[in-house]
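Peer 1: TrEMBL feature annotations, pasted as is:
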- B:1-25: compositional bias 'Low complexity' (COMPBIAS)
- B:1-32: region 'Disordered' (REGION)
- B:56-74: transmembrane segment (TRANSMEM)
- B:86-105: transmembrane segment (TRANSMEM)
- B:111-129: transmembrane segment (TRANSMEM)
- B:136-159: transmembrane segment (TRANSMEM)
- B:165-185: transmembrane segment (TRANSMEM)
- B:206-227: transmembrane segment (TRANSMEM)
- B:258-277: transmembrane segment (TRANSMEM)
- B:289-322: transmembrane segment (TRANSMEM)
- B:334-353: transmembrane segment (TRANSMEM)
Amino acid sequence: MTTQTHEAAEGPLLSMHGIIKKFPGVLALGGVDLEVRAGEVHCLLGQNGAGKSTLIKVLSAAYQPDGGTIVWDGGTVSLTTPVAAMGLGISTIYQELDLVADLTVAENIFLGHEVSRGGFSRRSHANAQARALLERLGHGEISPTRPVGTLSPAAQQVVSMARALSHRTRLLILDEPSAVLDQEEVRNLFRVIRNLTAEGVAVIYISHRLEEIRQIGDRITVLKDGRTVATGLQVEDTPTQDLIQLMTGRSIEYVFPPRRPADDFGDPVLEVRGLSVSGVFSTVDLTVHAGEIVGLAGLVGAGRSEILEAIYGARRPSTGTVSVAGRRLRSGAVAASVRAGVGLCPEERKSQGLLLDHPVFHNITVSTLARFSRGGFLNGAAERAEAEQLTTALDVRPAGVNRPVRNLSGGNQQKVVLARWLMRECRVLLLDEPTRGVDVGARTEIYTLIRSLADKGVAIVVVSSEIEEVLGLADRVLTVREGVVVHEAPATELDESRVLDLVMEGSVA
Amino acid sequence: MNESSTGLSAPGAAAPAETPSTEPAVPVTAAEPNGTAGGRALAGMAVLRSSAGRNLGLVVALGLLCVVGVVTAGDRFADVDNILTILRLAATIGVVSIGMTFVITGGGIDLSVGAILALASVWSTTLATQAMANDVHWLVMVVAALAVGAGCGLVNGLLIAYGGVVPFIATLAMLASARGLAEILSDRRTQIINVPAFREAFNGEVLGIPVLVLIFVLVAVVGWIVLNRTTFGRRTLAVGGNPEAARLAGIRVQRHTVMLYVVVGLCCGIAALMLVARTTTGSSTHGTLYELDAIAAVVIGGTLLSGGRGTIVGTVFGVLIFTTLSNVFTLNNLSISVQSVVKGLIIVVAVLLQQRLASRSKT
């Protein structure tokens, strides 16, 4: 491992103390400490939702913290705008690269601070400087004049890093940089990172692959529930088992409704056979019985949501079949799935699930309009009345089915989406992150509601980034990693660290 | 019959006939309640935000316009013949605007309405069609116009829903080619209609109300019912409000989108027949710039250009406001150019006001 040559002489390049960031109803960061030295690769570890993304957004000034201090190079700073952060030398490379596909490599590198004189761009100058930056990264073979869209993801990442370097970066934040790379490319990436740290650049490295952290990392900070639980751990001195332990265990305990005995399920309702979407996930087999809740655990981007969408017909599978109660669904046809009794509560409730400016009852009856229509004419009174019954039963607050759904809280909006499928009396319910953006109190209600649906014989599939939620709610858990179901077991035989280990690429022996 | 008098009934009406104005008078309306409310601006805002309030604003605007008309033109404005002229002019663009309301509410736009109208007017008045109409029944012309309108709408809809062409471009292409086709079919000549039964049917009156106006009323009433009381209307709102959510709720968004463009195409077919009857001609120049007038009327009426909210009543007022505005200007011998400037101002003020109201109601 690289050893720090700079650390002895100077203080840390960056230290963050007690950083707090609140969102409505959620404490995203509840006191985070982080110290990064020049020339080191500092790994940031934590489960989904632990606060890693929020923290790096605070660092790149995309968010303003509500408390805490940031010391940069010995002086307290407040990062008010992304430009200010960049001015200090902090650059972030996100998973989703923000490059302009139609511009050339050089144009992308100098986007926003173009090499120009008197308003005229100086192309040859820019190209020469871009070439120098790329060579510094060990990738002189990338032509500065090529359109970025024609490059591989790995090469695009190098371009992003060259862009960061063009800002005289002293701290480079890499958010899951290896997610899109193959092994050879990852080795390349590590070489680039070492070139940078040798020059004294500090790197914050976020990855879920513990194996990689062993290879590239110098020190580790672990976040859990928006707090630092361990910081400055030396990579070589810290067993993986300890890291997993640090990441698991939650400060808030959710109450989950009791399960029914495992032999008490009905007939198979949902049968998925060999379902694949090329490039996203492959050959998923899944059977869900009446009354059963199956959980899909996995990292964001592992293909969980895509599996649900393909089952639902919102995404056309390349191979495989989906059957409901023995009848095969037409693939890639949402309307047919809905008619067959399948419902989906999508991951992005606001953009995919709701008609935000429409009243609550529109949102509930939208999938059941045929029931309220005679010859195409809607019986609005019946619609409102039935919607009202459901919102009362689910305790949607504030009451009133004519209220725009936009004005409801996250938990109540989720209840509205659930009410839509309750009204439809569907046989299969697919839930994608059912408690995202839902506060603690409403979570329990939603868990209870989901369980009571299962008890009525609905077959349910739940996707959640929170392992605890999957374990607490589901009867059976499938672990998805990089588009493949790698493990399946009854929830009672699993614990959080076991699943986390499975999810994060099996680094525990 | 002096039905042809439609065109000449009011001396001032002939000119505006070509451009039945549809521009927004709403802004005036909206501004008005605020002004009169004096210090109670907030209360005024609250009223305006409700749909009844928005329509109230439109009513006030139209009322003001009429006051201006009476003051400046006196009896020439407040004359039954003049009012009927305004209504007859409003009827054609009104029917197009009702169709446009559906498309815009559903999240789309149709720039080709004027061109489709021209093509339908030409196709239904070719010598061949007229010969057949005289031989068989004047309904032949009606069928021809409706089929052309629906057909063009179908092409638009298929291109947009299944071809993935954005509505702006798809209907822009239709604008160009439909009018071109109309020119080819008519050889750029104005086709006089020579089917007396057709002219009688469309230019007659029922209980003193011109048939053209009745058609507009009928289309508006049906449009209102469909948008507000049917599954089709509800789905239109859903598709326009959030197409992805609508799709995931099980609505066949593509199919619905096609139907929306067929609806507006049909409206263009109806409007073509009305224009043919009023002018007694079919021509490739009919309906020029109708797309702009229709969009303007829809927008000042309160339909959200981004989709998801639509109001037929608002559209009807939008059309009436613009047509009345044109009439008042013409009676006062103000040029078309001045009218255009005022229309433009009205549109801008209306939309600015709506945005203010919308942003307030969201917070």
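Positions of Cβ are set from backbone N, Cα and C atoms, glycine also.
Automatic prediction, not curation, is the source of TrEMBL annotations.
Please go over these features one by one and say how buried each is and what sits next to it.
Peer 2: Long-range contacts of the transmembrane segment (B:86-105) within the same chain: residues 6, 13, 16-17, 20-22, 113-114, 117, 167, 210, 212-213, 215-216, 219-220, 223, 226-227, 236-237, 240, 260-261, 263-268, 270-271, 274-275, 278, 287, 290, 293-295, 297-299, 301, 303-305, 307-312, 315-316, 318-320, 322-324, 326-327, each at least 6 residues beyond the stretch ends and with a Cβ under 8 Å from a Cβ of the stretch.
Through the fold, the transmembrane segment (B:206-227) approaches residues 6, 84, 87-88, 90-92, 94-95, 98-99, 101-102, 105, 233, 236-237, 267, 270, 274, 277-278, 310, 312-313, 315-316 of its own chain, all at least 6 residues removed from its boundaries and within a Cβ separation under 8 Å.
Through the fold, the transmembrane segment (B:258-277) approaches residues 91-93, 95-96, 98-100, 102-103, 106, 108, 110, 113, 116-118, 120-121, 124-125, 141-142, 145-154, 156-158, 160-162, 193, 198-199, 201-203, 212, 215-216, 219, 232, 236, 239, 286-287, 290 of its own chain, all at least 6 residues removed from its boundaries and within a Cβ separation under 8 Å.
Beyond the transmembrane segment (B:289-322), the same-chain residues lying 6 or more positions past its ends with a Cβ under 8 Å from any Cβ of the stretch are 19-27, 29, 51, 54-55, 58-59, 61-62, 65, 86, 90, 93-94, 96-102, 104-114, 117, 175, 220, 223-224, 227-228, 236-237, 239-242, 271, 343, 346-347, 350-351, 354.
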Peer 1: Counting only residues 6+ away from its ends, which parts of the chain sit with a Cβ under 8 Å from the transmembrane segment (B:111-129)?
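Peer 2: For the transmembrane segment (B:111-129), the nonlocal Cβ contacts are 96, 99-100, 140-142, 144-146, 148-149, 152-153, 156, 168, 171-172, 174-179, 181-182, 185-186, 191, 193, 264-265, 267-269, 271-273, 275-276, 281-291, 294.
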